[in-house]
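Undergrad: Okay, these came from TrEMBL:
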type	residues	note
DOMAIN	18-258	domain 'G-protein coupled receptors family 1 profile'
TRANSMEM	6-29	transmembrane segment
TRANSMEM	36-64	transmembrane segment
TRANSMEM	70-91	transmembrane segment
TRANSMEM	112-136	transmembrane segment
TRANSMEM	156-175	transmembrane segment
TRANSMEM	207-226	transmembrane segment
TRANSMEM	238-260	transmembrane segment
Amino acid sequence: LNPWDVMLCVSGTAIACENALVVAIICYSPALRTPMFVLVGSLATADLLAGLGLILNFVFQYVIHSETVSLLTVGFLVASFAASVSSLLAITVDRYLSLYNALTYYSERTVLCIHTMLAGAWGVSLCLGLLPVLGWNCLHDHAACSVVRPLTKSNVTLLSASFFLIFLIMLHLYIEICKIVCRHAHQIALQQHFLTASHYVATKKGVSTLAIILGTFGASWLPFAIYCVVGDPDYPSVYTYATLLPATYNSMINPIIYAYRNQEIQRSMWVLFCGCFQAKVSFRSRSPSDV
């Protein structure tokens with residue numbers, strides 16, 4: 001057994017378990033039906049599928065040696081991770097809209113916008129996953145192979161370019177979110193004639209959280225995306241594994257950042273596992289702009 005394959009399988013198992021719990025909580029709790037939790041559910045579903053894909057890829061790699069199965073599992077992984085990254089972008093857009101259009105955010109138009117974004121994200125992800133299956137692969141042309149077999153160089157270049165574009169859009173939106181948060185804090189300071197310690201701490205915490213979110217996303221995916229562009233298929237496969245493994249960690253961290261920190265989901269977990277809820281424990285409903 002290749003130890004790198006074992007680590008990817010272990011990573012996939014952890015990803016699947018974490019995100020399966022999030023999906024179960026959202027499906028179990030009728031209160032979690034707002035657009036924000038729909039987006040979190042989409043992200044958890046995509047990461048759950050990615051985790052299952054890593055497990056299936058390990059099983060089929062050592063049990064069933066078939067080109068068709070290999071293409072299907074690779075396409076499944078591409079579609080799942082693409083849906084995960086796209087869902088992250090949708091969550092970022094939702095957070096921006098919740099601040100930029102705070103007065104009209106809780107409207108039917110926002111719900112329609114969220115559903116349209118998700119439909120587009122999953123549609124594009126499905127198309128990207130089908131490309132290797134429909135013939136865009138290097139099974140019969142090894143010279144066209146990329147560092148991720150059986151994907152072609154042009155295929156991984158497209159995927160990397162899509163990631164860089166999404167990363168830049170998220171970076172721009174988070175910068176705009178930071179500007180809005182700081183502007184709101186400044187307006188509150190003008191109204192109260194001074195910036196209280198609590199406002200300063202909340203603003204600093206919000207900006208720090210945004211930096212952690214974007215930093216985690218970039219640190220997880222950028223090495224792999226860059227290596228897909230500059231790497232050569234003749235390089236040792238350990239380079240591919242060493243950059244791909246951290247990318248899978250992003251799907252492991254997502255539930256912690258976007259789900260388990262949310263107090264509504266914490267309350268639902270309490271109810272789900274304990275079967276009861278103490279009324280004296282209060283939870284504050286959070287909006288997408290609460291970062």
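The backbone N, Cα and C atoms fix where each Cβ goes, and this holds for glycine too.
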Undergrad: What residues elsewhere in the chain lie close to the transmembrane segment (112-136), defined as a C-beta under 8 angstroms and at least 6 residues from its ends?
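TA: Non-local partners: 35, 38-39, 42, 46, 71-72, 74-80, 82-83, 86-87, 89-90, 93-94, 97, 150-152, 154-155, 158-159, 162.
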Undergrad: Against which stretches of its own chain does the transmembrane segment (70-91) lie, if we need a Cβ under 8 Å and a gap of at least six residues from its ends?
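TA: For the transmembrane segment (70-91), the far contacts come to 39-40, 42-43, 45-47, 49-50, 52-54, 56-57, 60-61, 114, 117-118, 121-122, 124-126, 128-133, 137, 139, 148, 150-151, 159, 162-163, 166, 169-170, 217, 221, 247, 250-251, 254, 258, 288.
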Undergrad: Mind checking which residues reach the transmembrane segment (6-29)? Cβ under 8 Å, same chain, six or more beyond either end.
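TA: The answer is 37, 40-41, 44-45, 47-48, 50-55, 57-58, 241, 244-245, 248-249, 251-252, 254-256, 259-260, 264-265, 268-269, 271-272.
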Undergrad: For the domain 'G-protein coupled receptors family 1 profile' (18-258), provide the mean pLDDT of the predicted model.
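TA: PLDDT averaged over the stretch: 86.
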Undergrad: Residues of the same chain, at least six outside the transmembrane segment (36-64), with any C-beta under 8 angstroms of its C-beta?
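TA: Tertiary neighbours of the transmembrane segment (36-64) are 1, 5-6, 8-9, 11-20, 22-23, 26-27, 70, 73-74, 76-77, 79-81, 83-84, 86-88, 90-91, 94, 98, 114-115, 118, 121-122, 125, 248, 251, 254-255, 258-259, 262, 264-265, 287-288.
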Undergrad: Are there residues at least 6 beyond the ends of the transmembrane segment (156-175) whose Cβ is under 8 Å from a Cβ of it, and what are they?
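TA: Tertiary neighbours of the transmembrane segment (156-175) are 78, 82, 85-86, 88-89, 92-93, 95-96, 128, 146-148, 210, 213-214, 217-218, 221-222, 225-226, 228-229.
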